[in-house]
Amino acid sequence: MTEIKNVTLVAEIDHVDDKGNGQAVIWRESDKGNNPRKLKLTIPQTLPGESVEVVVDNPDKRRRKVMPQEILKANPDRTDAPCPHFERCGGCVWQHWSYAGQLKHKTAKLKAALNGEGLDPELVRDTIGMDDPWHYRNKMEFTFSPEGEIGLHEQGNFRKIISLETCLIAGKNMVDGMLEVGDWVKEFGLKGYDKDAHEGLLRHLMVRESFATGEMMLALFATETPDGELAFAVENLVERITSKFPNVKSLLWLVNTDWADRTQSEDTHLLAGRDFIYDEMAGYRYRLWFDTFFQTNPLQAQKLVELALEMGKPQEDEKMIDLFCGVGTFSLPFAARVKELAGIEIVETSIESAKRNAVDNDLHNTTFLARDARHGLDEMHERFGFADILLIDPPRCGAGGKVMRRIGRAKPKRIVYVSCKPETFATDVAELLPFGYTLQTVQPVDLFPHTVHVELVALMSRVDE
Ligand SMILES: C[S@@+](CC[C@H](N)C(=O)[O-])C[C@H]1O[C@@H](n2cnc3c(N)ncnc32)[C@H](O)[C@@H]1O
């Protein structure tokens, strides 16, 4: 049988997948009276309801990923992507979708996730978007190519770096900082790191900016220490950053010689300022080190905190547990309103930071424990007792049945669930129903415009309360 190559087909986009790519199915005639063959296509930068022309290299396979050649019928919410890097960069996938259209889709996705678990989709309110959905991120991790270009990964290709002239989701000062470092690298002819060969100097540049205090951190991850032959170049870096960016309160050089391509450090060198910056959220002050998890869209995260307070209704004679508490983004505002608060979190440095943040903010009714959620809950129930309010903010994988059933048995009066993944939220909530809880309300908030992600705050309470 001769293999057919590069066939032009018309695909109708049915829906977008979890990565934000359009999905289409085409049934193709097969030879000699056999059943038609199903070809599943993943087509980035398309939208539901669109009809697009594609060229498929090998249509006899069951699945192919192809770029659209031409949009024959556009979704009414299609718009022009403003970023010059949109077509290749993996930073945002939905700049071609009007912001109103993205928000509608996020609400519908959350409703579908509830429906899938037999929960009432009508409890979901409209997604709260941003007035200005650009330059919202307070932290970015840029990567160097082996040639020393600085940028972000190409969509769907972690080996390729797109050299950036701009970035429309990073804070504006962060983009300027990134470009300055890029110029410095070029001027000194420095090499980036090559993952395959495990050689080269510069790996990543992490930039943090507090939109509340204006303080910035620039952290360079490299395979060598900043001395010896590098001393002259590094001196120049310090001079140009401190003179052009007086808001950079922390300039770090972090050594990472590991094969693992993460922003981790085995040897930290402070080039200028201190090793942390100050940030603020909802009126509380936080210290952020290079490895501290902190909400990356502070404007919208503040809305999450306000919603959690509104739903949790903390009272001054109540006890509360903040499970998966991180550095205390929810713990501190709640601690100011309840009798006692206990936070549980697996990362020890976050717990150290949460303790310090509580003291820095003059809160003395908190206790924090570095444990995994399951054992931490058991231990806290013994030491601290049962809570009236329980706030839970797990990572994308959700809390899981064992943790949810422990919560159910402990019978807190109100449970505030903050989630970054509708599907795991819905399965976790379903675990609580046999314990007499009902879902009261679900408020999605858009923390990551132009991406597939959606966050939410929900309230559950017991029927007998
Ligand atoms: C979505 S973040 C929320 C952090 C915090 N509530 C905030 O808003 O900054 C989830 C947190 O759960 C922590 N975590 C992940 N797995 C955990 C586990 N098994 N037990 C306890 N904490 C965990 C992570 O380290 C992270 O800080």
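Yeah, the Cβs are placed from backbone N, Cα and C, and that goes for glycine too.
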* Q295, F324, D393 bind S-adenosyl-L-methionine in TrEMBL, but which of E280, E340, E345, E348 does that record place at the same site? -> E345
* Asked: Residues with Cβ closer than 8 Å to the Cβ of F324 (S-adenosyl-L-methionine binding site), same chain and 6+ apart in sequence?
  -> I344, E345, A373, I392, D393, P394, P395, A399
* Asked: By a simple count of other Cβ atoms within 10 Å, which of E345, D393, the binding-site residues in the record, is least packed?
  -> D393
* **Environment of Q295, F324, E345, D393, the listed S-adenosyl-L-methionine site - residues of the same chain whose CB lies within 8 A of the CB centroid** => F293, D322, C325, G326, T329, F330, P394, V418
* To do: Taking the Cβ of Q295 (S-adenosyl-L-methionine binding site) as the centre, count every other Cβ atom within 10 Å, in any protein chain shown.
  => 23
* **Tertiary neighbours of C420 (active site, nucleophile) (same chain, Cβ under 8 Å, six or more apart)** => P395, R396, L447, H453, V454, E455
